[in-house]
Amino acid sequence: MSSSPDDTTPGIFRSEEVCLSQLFLQSEAAYTSVAELGELGLVQFRDLNPDTSSFQRKFVSEVRRCDEMERKLRFLEREIKKDQIPMLDTGENPDAPQPREMIDLEATFEKLENELREVNQNEETLKKNFSELTELKHILRKTQTFFEEIHRRDGPGSVRASASTSATDREPLIHVDDEAHAPGELFRQIFGYDRRTTNEHRQSGGGDSMQGGGGPDDVIVADPAAESETMELTGPAAGHGHAGMFANFGFVAGVIQRERIPAFERLLWRACRGNVFLRHSEIDDVLNDTATGEPINKSVFIIFFQGDQLKTKVKKICEGFRATLYPCPDTPSERREMSIGVMTRIEDLKTVLGQTQDHRHRVLVAAAKNVRMWLTKVRKIKSIYHTLNLFNIDVTQKCLIAECWCPVDALDRIRMALKRGTYNKLEEESGSTVPSILNRMDTTEAPPTYNKSNKYTVGFQNIVDAYGIATYREINPAIYTMISFPFLFAVMFGDMGHGTIMLLAALFLILREKQLEAARIRDEIFQMFFGGRYVIFLMGAFSIYTGFLYNDIFSKSLNIFGSAWANSLLPNETQPFFDKGLLEVPLMLVPEKAYVTSPYPIGVDPVWNLAEANKLSFLNSMKMKSSVILGIGQMTFGLILSYHNYKYFHSDLDVKFMFIPQMLFMACIFIYLCLQIIVKWLAYSATAGVVFGYEYPGSNCAPSLLIGLINMFMMKSRDAGFVGADGKVSWGCSNNLWYPGQSFFETVFVLIALACIPVMLFAKPYFMWKAEKERQAGNGHMQLGTAETVLVIVAVVQIPIMLFVKPFFVWRRDKAAAATRESVRADMNGGDSEAEVVHHEPKTNGGGGHGHGDGPLLKDGDGTEAKKLDMADVMVYQAIHTIEFALGCISHTASYLRLWALSLAHAQLSDVLWTMVFRAAFRSDGYIGAISTYLLFFAFFFLSVFILVLMEGLSAFLHALRLHWVEFQSKFYGGHGYVFAPFSFEKILEAEREAEEA
Amino acid sequence: MGIVIPMAVVTGFWALVGILGPFVVRRGPNQGIIRTMIVMTAVCCWAFWILVYLHQLNPLIGPQIPVKTIRWLGEKWGNTNN
């Protein structure tokens, strides 16, 4: 271990010590060694071939093979999902397979993929055949029914027609021939019962249908007798080859999607001018689309037409509508035969299809057991080769050289892992191989920041990391944030009721942790709450505590310990108000009489909840003062942390010329203010007396601290004491000096604070410049150094004295006007706008390039490595830092007042919710009262949860976040680091899985 | 109730938590973190309590309460003038 004394401090406050190491891996053992390191997950490899493109690296072909395997596995997975076969995912973690296993895996996947593709192809063909046959079956069946229906219409004649002797049919044919003037008319008469569809044509076609041979008009006049006559024609009309005009009278039959029927019908009618006849019927079974497998509704149609020209036209239209045409024999017997043939073929196909599907299922079920495990294996192989691609290959080709960052703590474990990796290899192959070597290297490069975290701390670590990754080995604020964050949140959110809701919600997430994690809910908002469940839990717990101190539970108070206040008014004092009916007139219970010597022990006295008139002025004063004290406390704590940082980095320069002046500045103005607040609390009460040697007439003379602070800066002369020489209480007594020597002390404090500013500004750059000069000179005159230091400090302190002392005395002589309330406001506003400037400032730090780290770097005397000192740069950085600190202290103190503002807003909102919504329920009695209580409770609860807990909670969360990022961390946090990203199978697999699910 | 008793009880309680709590923590990788958390909790909670307590120690103003509430107060919480 290194000799640094700071190593004895526990490691939790800083990031892990990380060192750069070189690895020499035998090329045979490199793969297994990297696999072991991946399981360990504690090593971050550096790319040693940054100039080589990813296509020129050594193991590019292996990576490609892995990609190919992954593709095949994903294909398999898709197929498995399509068949809804459950995939076995035990979450087990198979070891990365040996490189030669890769060939086996590849062969397995290749076989599986080919098999599956073949099966799929076969299945597709079979299915296509099957659906075609099914369609044909339907066509045959439907056309059969068309024809049969027609015969049935004919009554006894149908028997004759089915005999299908052309001679008997001849007679009525001629009969029709006389009547039919156009072929369209003929068809219509043949299928006269289909009047409805033709009527539709007439209606929709409008003028067109009139041109179409005037057929439809005749339909209406056609009487049933004429129809029954024409029926006899149908038998022969269905086929070709009959004598007379039916010699070229043909039909086509096919299947079309049901939705296309109306358009199809209309187009046929128009294109063929009504000279074709369409008859269609819906297929009752739902067929499946061959390509997509989606269910689809289809209809059988049959079109009659005359002549080849029409035939081609009809066929074209059918094609256009994606209708499938099937051959349909002319005669019933042929149709029947065909139908039987089709049925047997369908049955055969069904058997074959079933077998194919069974086979596919078996293949997939077998694959489903392994597919997740295979995927894990392949991903591991791939990541190993990716890592190997980062390595350098030795000239002898015997070994691979890697550079990596690894935590010093874990070096032994890494060595063990390497040994395992090499040993596994040796076990299998005889032959002496040199073990892998891990070599620690020295580097000037800043190592990555590695903060260990567990599931409790990760939420807070994320809060800190969101602002910036800590500089290497810098104090990690997350440790302190773990309590201070929920605490500051709770100061703003203090309410027992709302805190309990929040606590229970977090408790639910924590207790159901395992189940919720397993459910892998991808919802972003849920993920946010789930990830922060321990943060929310602590926030809820602290809110209950602060709510208890604020004595607020849904804006109501508890009187547990007995109020410190009682009634001091005599009945004869209150009676007049009752007589006049002025029940709501507020009367003050004066503290001298109504207050019982000791305060309510824990929290705010419940009497203030009843004091609607001046509750706010009491609470505001309390919350404001607490905010300032808590804020200054936190900022001082931040400064102390900065001391530990400087100390850790052995930067005496920073301790002397940054920490000490900053602390002095803080103490002289802000800690002094806090002390004043506390002294005022302790010393001044409502009763008159003698305080600090001055006669104190009563509460109206209690010193006003804010105006006092302004007067302190302006060095305004004031009267000492509250009572003038004449024994009268002087006007504006609260602004007077209130302890002996106050004027002197305050002057000294202001001067010290002002003197600190030039020290902060110039001292560090000066010493850096001096050190640089000495280094260049080659040897330093150390004895001169001390003398110089003293001289410089004296000189620097002179500056503010020269600047301010004379004006101060001049000022002191003339009596300036009293400070007004406006000046306070102006100052506060000024402070707030500063807060904005400061908020953006840390980003510019990185550009400055001279962080805290520069001190140690130059001090280390690493002459060759140290950058040449750029005085302008240093000065700019120092000026920014000084201005940021000096103004920041003021604006940050003002910024902490948000603790007061938000808790005030929260308390007021919950009060309004109670009085406006829920209280109304208690005004009515009886059943109405019960019902209104029941209903209003829901409104109250809903608004409580959504507005007060969720919205207010979010706002308080953001403000607490800001207080930590800006006000707290600006005091000590550099945040110039980069995160330690080790090569870890666990992380890689998790990332892949998330990408898969996204 | 005097001032000393609540002062001693609450301060003692948080002091107990803050000082003895860290010794109760079992050894383990998170020992340091848990100790820090316990101490910080004790400090924060005590600080907030003492701020609220001190503010009420010497009240400069009294509550302004509606007359009818004052009468109710007199009946329930007692009167100081008799």
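Don't overthink the numbers, they just go from 1 along the chain as shown.
Using the three backbone atoms N, Cα and C, a Cβ is placed for every residue, glycine included.
TrEMBL does not curate its annotations; it predicts them automatically.
In the predicted model, the coiled coil (A:59-136) shows an average pLDDT of 86. Feature annotation from TrEMBL assigns coiled coil to A:59-136.
Annotated compositional bias 'Gly residues' per TrEMBL: A:204-216, in sequence order.
Positions annotated as region 'Disordered' by TrEMBL: A:198-218 (among others).
As annotated by TrEMBL, region 'Disordered' applies to A:822-857 (among others).
Residues 529-530, 533-534, 536-537, 539-550, 552-555, 626-627, 630, 634, 898-899, 902-903, 906-907, 910, 944-945, 948-949, 952-953, 956-957, 959-960, 963-964 of the same chain sit 6 or more residues outside the transmembrane segment (A:487-511) yet have a Cβ under 8 Å from a Cβ within it. The annotation transmembrane segment is assigned in TrEMBL to A:487-511 (among others).
Sequence-distant contacts of the transmembrane segment (A:532-550) (same chain, at least 6 residues past either end, Cβ-Cβ under 8 Å): 455-456, 459-460, 463, 482-483, 485-487, 489-491, 493-507, 509-510, 513, 602-604, 903, 907, 953, 957. Per TrEMBL, the feature transmembrane segment maps to A:532-550 (among others).
The feature transmembrane segment is assigned by TrEMBL to A:624-643 (among others). If you look at the transmembrane segment (A:624-643), the same-chain residues 6 or more away from its ends with a CB under 8 A from one of its CBs are 475, 477, 480, 484, 488, 491, 655, 658-659, 662-663, 666, 670-671, 673-674, 677-678, 681, 889, 892-893, 895-900, 963, 967-972.
Annotation comment: TrEMBL describes A:664-684 (among others) as transmembrane segment.
Annotated transmembrane segment per TrEMBL: A:696-714 (among others), in sequence order.
Packing against the transmembrane segment (A:744-763) from elsewhere in the chain are residues 656-658, 661-662, 664-665, 668-669, 672, 712-713, 715, 792-793, 796-797, 799-801, 803-805, 808, 878-879, 881-882, 885-886: each is 6 or more residues past its ends and has a CB under 8 Å from a CB in it. What TrEMBL records for A:744-763 (among others) is transmembrane segment.
Per TrEMBL, the feature transmembrane segment maps to A:783-805 (among others).
Residues or ranges marked as transmembrane segment by TrEMBL: A:934-961 (among others).
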Surrounding residues of the transmembrane segment (A:664-684) on its own chain - C-beta under 8 Å, 6+ positions past either end: 625, 628-629, 632-633, 635-636, 639, 691-692, 696, 699, 702-703, 705, 708-709, 749-750, 752-753, 756-757, 760, 885-886, 889, 893
